[in-house]
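J.: Sharing a structure with you now.
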């Protein structure tokens, strides 16, 4: 059993890639908050009620899936938590599935998928570099 230390603990130092990954995750969190707000504006500002009276229950389920999961992913990314990245990747997978099944659900589906792939690639590269520099 290690001895009990009294006093301030030494601060952990992060590599510049680790700091860059943290900043990147927080920037993506802001984007995902904006996306979640956009999804909620679709629900709350529909005066005709056309969204809720949609023929497709899958459309309503997908809408609420993204309404909730976008905010959960944003909180996890802001906290730089591993589960935040996992939930964020699940929302990206959800985007791909929704665009494949219902291309008219998201505005500009090609742009959404392209930006998702670019952000995910940047995350993977930063995470790889941060892990690589942490071990050396």
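Glycine residues also receive a Cβ, built from the backbone N, Cα and C atoms like all the rest.
Okay, these came from TrEMBL:
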| type | residues | note |
| --- | --- | --- |
| TRANSMEM | 21-40 | transmembrane segment |
| TRANSMEM | 60-80 | transmembrane segment |
| TRANSMEM | 87-106 | transmembrane segment |
| TRANSMEM | 112-131 | transmembrane segment |
J.: Taking residues 6+ outside the transmembrane segment (60-80), which of them lie with a CB under 8 Å of any CB in it?
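T.: For the transmembrane segment (60-80), the nonlocal Cβ contacts are 21-22, 25-26, 28-30, 32-33, 35-36, 39-40, 42-43, 51-52, 54, 86-88, 90-91, 94, 98, 102, 105.
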J.: Short question: which residues 6 or more past the ends of the transmembrane segment (112-131) have a Cβ under 8 Å from it?
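T.: That would be 15, 17-18, 20-21, 24-25, 28, 31, 85, 89, 92, 95-96, 99, 106.
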